[in-house]
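Asker: Reproduced below are the annotations present in TrEMBL:
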| type | residues | note |
| --- | --- | --- |
| BINDING | A:27-31, A:His92, A:Arg126, A:177-181, A:208-213 | ATP binding site |
| DOMAIN | A:24-255 | domain 'Phosphagen kinase C-terminal' |
Amino acid sequence: MSFEKFFNTAVSSWMSQEGPDSDIVLSSRIRLARNIVDFRFPTVFSSEEAQQIVSLFEQTFAHRSYHSVGRFELLKMSELQPIEKRVLVEKHLISPHLAEDSPFGACLLSENEEVSIMINEEDHIRIQCLFPGLQLTEALEAANELDDWIEEHVNYAFDEKLGYLTSCPTNVGTGMRASVMMHLPALVLTQQINRIIPAINQLGLVVRGTYGEGSEALGNIFQISNQITLGKSEEDIVEDLQSIVKQLIAQERMAREALVKTLNIKLEDRVFRSYGILANCRMIESKEAAQCLSDVRLGIDLGYIKNISRNILNELMILTQPGFLQQYAGGALRPEERDVRRAALIRERLKMEERKNMEGDE
Amino acid sequence: MICQECKQRPATMHFTKIINGEKTEFHLCEQCAKEHGDMFMFYENDDFSLNNLLAGLLNFQTPMKEMTTNTFSGPDILQCETCKMTYHQFTQIGRFGCSDCYRTFARYLPPILKRLHSGNTTHSGKIPKRKGGVLHLRKQIFVLKQKLQELVAREEFEKAAEVRDQIRSLEYQLRQRGEGEM
C-alpha cells in the first residue's frame, strides 16, 4: 500500500465496519505502553537514543506483514506535513502528543489501520489496537500477540513487583489502557448521564467526551476507560470495563425505549429536523454538526430514518474535523471557510446515500 | 454561600476532594482558591493537564513546611545515576527519566502508587516471555498460595490438598530451574 493511500482513503476499517453492539458502542481500543531496557525514557533521552530506537523499528518491523492486519508502514513525524499529522490524530491513529511534541516520534501503521504502534511518544513503544463495536477481548488478544511479536526483538523494561515500567507512574504495571467509545444520546437527553458518570468514576473508570473540550461531549459520544493499571490483570481490567459497558448499553436501550414512548412524534420531529439541517445547510459549525449527526444516528437506530448507513456518524464526526477539511480542501482554511466546507462535505455524503438507494431500487 | 476561608466574599469555587472514599467539600472565593493554588490544580485553566495534576499529587508527598524551610533535605536530593533525574524533578514533571528511577526512588514510591492505583502496589498481570520461566513459576505459586488460604478458610480441605500438591510440584520445578541457572 502506498503512503498516499493512508491519507487519501479517509475511512479506516473501524469506522466503516460494524461490530457487536455497534448501535451503541462505536469502537473498542486497547493500548499497551512498553519501554526498552537500557534506553532512557523519551522525556529525557538523547537524540541518538531516539534515532536508534526508530531505526530498530524501521529495520525490524517496517514493510513486514503480521497475520490479518497486513503490512506495516513506518511514518516519521519529522517527515510529515502538519495537516497530515492532524489527520492521523483525528483518526485516533496517533496521539496529539506524538504529532506535536515528539520530534523523534514515529508510527508503525498497519494496512487496515486497526493497529498503530507509536514510537518515542511518552514511552518508547505504545501498541494500539482499534476495533469496531464492543470487542475488548478481541482487541486485547491482538495487542498481546503484537506485544509478543515485538518482544522477540527487544528487551522490555520490567520489574517483578511493579510490572512493565513506564514513563508515567499512572501507567506502570500492565501499561494497559482499555477504552470504549459509546454513543449515548438517550442518557444525555434524559439527563441520566449526570448521575451515571460520577457512579462510574467511583468504580475506578474514567468517562470523558471523546470530542470537544472539558466535560462537554460533542455528538453525545463518550469514552470510558480504566484508571488503574497496577494490581489487576489485563483480563480483569477488561472484564470489569466490559461489565460496566454492558450495563450502560442496557440503560441506554431502556432510555431510548422510554423516549420513543413518551416523546414519540416529538422525537421523530427532532430527528428529521436535524436531518434537514445536515442535508441543506450551507455553513455549519462542528458543535451543531455533531448534535445533528447524533440525532440522525439515533433516528437510524430507532428506525425513523431508513436507507442511511449507520456508520455515517462515526465517519462524519471524523471527516468534518479541521484537519480532514483542510486536506479535503487541499490547503489551510479559515474557521469560516471550514464551516462552508464542512456543510458541503456533509451534503455530499448524504447525497451519496441517496444515489446508493436509487441504484438499489432499480 | 460565603467563602469558608475568609468568611467575607461569596464562594464562587466549589470543590469536592475524595481521598480513599473520604469526601471533603470546599467552598471558596476566587481569591482564597488562588492562594490554595497547590491544592486546587484545576484553577489555572490555561495549563490544566494531567501533568500538573500529577505533579500536584506528588507534591503532596512533602509537607509544605519542609519544602519551604529546607529544599535540600529528604528525598529531594536523591538522584538517579543512569539518567541524572532528581526526585525533586520527578515530582515536578510527574514522569520518570528511565527504568532505573523506579529503583532509585523505590522508598518513596509506594504511597504515590497507592494513591494512583486504588491502594495497589504489586503487578499481577502479564509477564514478558523473556523474563518468563522462573518469574512465571513464582507468580503461579503466589496465586496458588492465596487460593490455598481461601480454601482452608472455607474448610474445603480436599481441594486445598490438591492445590498444595500443585504448589509443591511448582516449587520443585523452581528449585531445579534455579540450580540450572546457577
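Using the three backbone atoms N, Cα and C, a Cβ is placed for every residue, glycine included.
For the listed features, I'd like the structural context: burial, neighbours, distances.
Answerer: Cβ neighbour count for A:Arg208 (ATP binding site) (all protein chains, 10 Å cutoff from its Cβ): 15. Secondary structure at A:Arg208 (ATP binding site), as computed by DSSP, is strand.
The average pLDDT for the domain 'Phosphagen kinase C-terminal' (A:24-255) in the predicted structure is 90.
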Asker: Tell me which of the binding-site residues A:Ser27, A:Ser179 sits in the most Cβ-dense spot, judged by other Cβ atoms within 10 Å.
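Answerer: Of the binding-site residues A:Ser27, A:Ser179, the most buried by Cβ count within 10 Å is A:Ser27.
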Asker: Name, in the order they occur in the sequence, the residues of the same chain whose CB lies under 8 A from the CB of A:Arg126 (ATP binding site) and which sit 6 or more residues away.
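Answerer: Set apart from A:Arg126 (ATP binding site) by at least 6 residues yet with Cβ under 8 Å, we have A:Arg31, A:Leu32, A:Ala33, A:Arg34, A:Ser95, A:Ile117, A:Met118, A:Ile119.
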